[in-house]
């Protein structure tokens, strides 16, 4: 990491949040705490999501699980990538010079978040097809087409941000914890416009169009079902509970994930556009908006655990399996432990 020198020849590390620096520890304390904390949450949370998908077969019945798992792997790689600035802020020597390191880090995180954004758009398209063409859905959406779509998502995301390596512009502020990226790598209005037109705008428009029509169709279905049940009840004299659109609840979970994604990314996108158009930058704003956007890589885990009952059962099954494994290891180490005759698929609490 580069150091700046004052008139008294005393060295201080480069900090985007200058007020987070402490002489006693000799590194940017606030930046380190924020990045390390987010890194731990992102890595641990997405590892849990990946394991739960493997432990809960019912989650894989939806074709959207392909895209959800793709997002989980991309978010996990975001967390692993965040180890690079964490080590740099803690003064660990990196094998590559700073200018190359921050460019690679900025490019990789931009690609990974682009994968998440494109996956959310594909999820909304998948749900739209499931509701508008339920009879032909299984012939239109097949496993090999889903795998091809995921491959194209990764390829497209890489190609969109690849021009940044040829000094066309800056893909984002993820590398600004490095001094070279913050001071010498500048945004370009044409490259920013290119990213907006090729990624941000299409993804947002697709999501808005599909979910608007999904909820509109579900509302129409609910009204039709309620009318039919009311007509049947008047004839038979029995009353029954109105059943809504079966896909609406799952669509709501996906809509929450998409909404949180864009809410956390909106400040970053606005700042990115403002700096590119005006040329004025603010280190505090770039750090805050960037890492607020990156925190989204952990939010999907929270939304799933609170909204999806199948995911909750898978999480309980996973925790039960871990507890059973720990208990069996403890029993093996202690021959005098009395073996329990209870169920072995979870913890007895």
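Each residue, glycine too, has its Cβ placed from N, Cα and C.
Curation plays no part in TrEMBL annotations; they are all automatic predictions.
Here the transmembrane segment (32-59) has Cβ contacts under 8 Å with residues 20, 65, 68-69, 72-73, 75-76, 78-80, 82-83, 85-86, 89-90, 177, 291, 294-295, 297-298, 300-302, 304, 308, 310-311, 313-315, 317-318, 321 of the same chain, all six or more residues outside its ends. The transmembrane segment annotation in TrEMBL covers 32-59 (among others).
What TrEMBL records for 45-304 is domain 'G-protein coupled receptors family 1 profile'.
Residues annotated as transmembrane segment in TrEMBL: 71-92 (among others).
Positions annotated as transmembrane segment by TrEMBL: 104-125 (among others).
Sequence annotations record features per position, and here TrEMBL assigns transmembrane segment to 146-169 (among others). Counting only same-chain residues 6+ beyond the ends of the transmembrane segment (146-169), those with a CB under 8 A from a CB of the stretch are 63, 66-67, 70, 103, 106-107, 110-112, 114-115, 118-119, 122, 187-188, 190-192, 194-195, 198-199.
Residues or ranges marked as transmembrane segment in TrEMBL: 189-214 (among others).
Sequence-remote contacts of a segment are chain residues at least 6 beyond its ends whose Cβ falls under 8 Å from one of its Cβ atoms, and for the transmembrane segment (253-274) they are 64, 113, 116-117, 120, 123-124, 127, 172-173, 187, 192, 196, 200, 204, 207, 211, 280, 285-286, 288-290, 292-293, 295-296, 299-300, 303-304, 307-308. Here TrEMBL flags 253-274 (among others) as transmembrane segment.
When Cβ-Cβ distances below 8 Å are used as the criterion, the transmembrane segment (286-306) is approached by residues 16-17, 31, 34-35, 38, 41-42, 45-46, 48-49, 68, 71-72, 75, 78-79, 82, 109, 113, 116, 172-174, 176-177, 182, 253, 256-257, 260-261, 264-265, 267-268, 270-272, 275, 312, 315 of the same chain, each at least six residues removed from its ends. The transmembrane segment feature in TrEMBL is assigned to 286-306 (among others).
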Checklist line | Same-chain residues at least 6 beyond the ends of the transmembrane segment (104-125) whose Cβ lies under 8 Å from its Cβ atoms | finding: 64, 67-68, 70-71, 74-75, 77-78, 81-82, 84-85, 96, 149-150, 153-154, 156-158, 160-162, 164-165, 170-175, 178, 181, 185, 199-200, 202-203, 206-207, 210-211, 214, 254, 257-258, 261, 265, 293-294, 296-297
Item checked: Surrounding residues of the transmembrane segment (189-214) on its own chain - C-beta under 8 Å, 6+ positions past either end -> 114, 117-118, 120-121, 124-125, 127-128, 131-132, 157, 160-161, 163-164, 168-171, 247-248, 251, 255, 258, 262, 269, 272-273, 276-277
